[in-house]
Ligand code: 5GP
């Protein structure tokens, strides 16, 4: 997606060879116009599937998922929670995700009220790195007996191999910007 690549080049900051900081438009300040275009593009790529829910993970996935959902017909967004909140239903699907950016493992949870066995779920997230977050979300969909029909990623870091875990599950993966390498502050797209 050209406009996304241009924005990453202009505003993204590579930290070493592994991390891309995109606080300017995705992870802290949000470029709503760009996210709208991202939503349209996900609709173009997944529109032929009968999607009944969009599932993401808090916090950065929520805006992307909501702006994507506008282009689908009455499809709710559900987000997995990272913290055990006292007001979260006790009856939850749960999986573990290891974050290499934070170097810790945490649980993600979704109330059983919001995914059911008939759901066809599109998973959306900001980044695909080692595939742990997306795999954890797929696991939650499987626990519900529902079907993960796609994974939509804004920025994939191809060199961290997360795509293997998604494709091994036979789930369609669509990444709108694919980064081959980060080098000396430079972003090389695939
Ligand atoms: P994975 O689970 O695929 O290893 O990593 C994906 C998750 O880690 C995403 O939800 C994202 O929040 C975070 N993440 C991974 N790599 C980066 C990165 O280079 N930049 C930012 N901002 N977040 C990242």
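In case you wondered, yes, glycine gets a Cβ from its N, Cα and C as well.
Xanthine is bound by 20, 27 in TrEMBL, and the record lists one more residue there from 147, 157, 164, which is 157. Helix, strand and coil residue tallies for the domain 'Phosphoribosyltransferase' (22-171), in that order: 52 helix, 46 strand, 52 coil [DSSP]. Set side by side, the binding-site residues 132, 157 differ in how many other CB atoms lie within 10 angstroms of their CB, and the most is found at 157.
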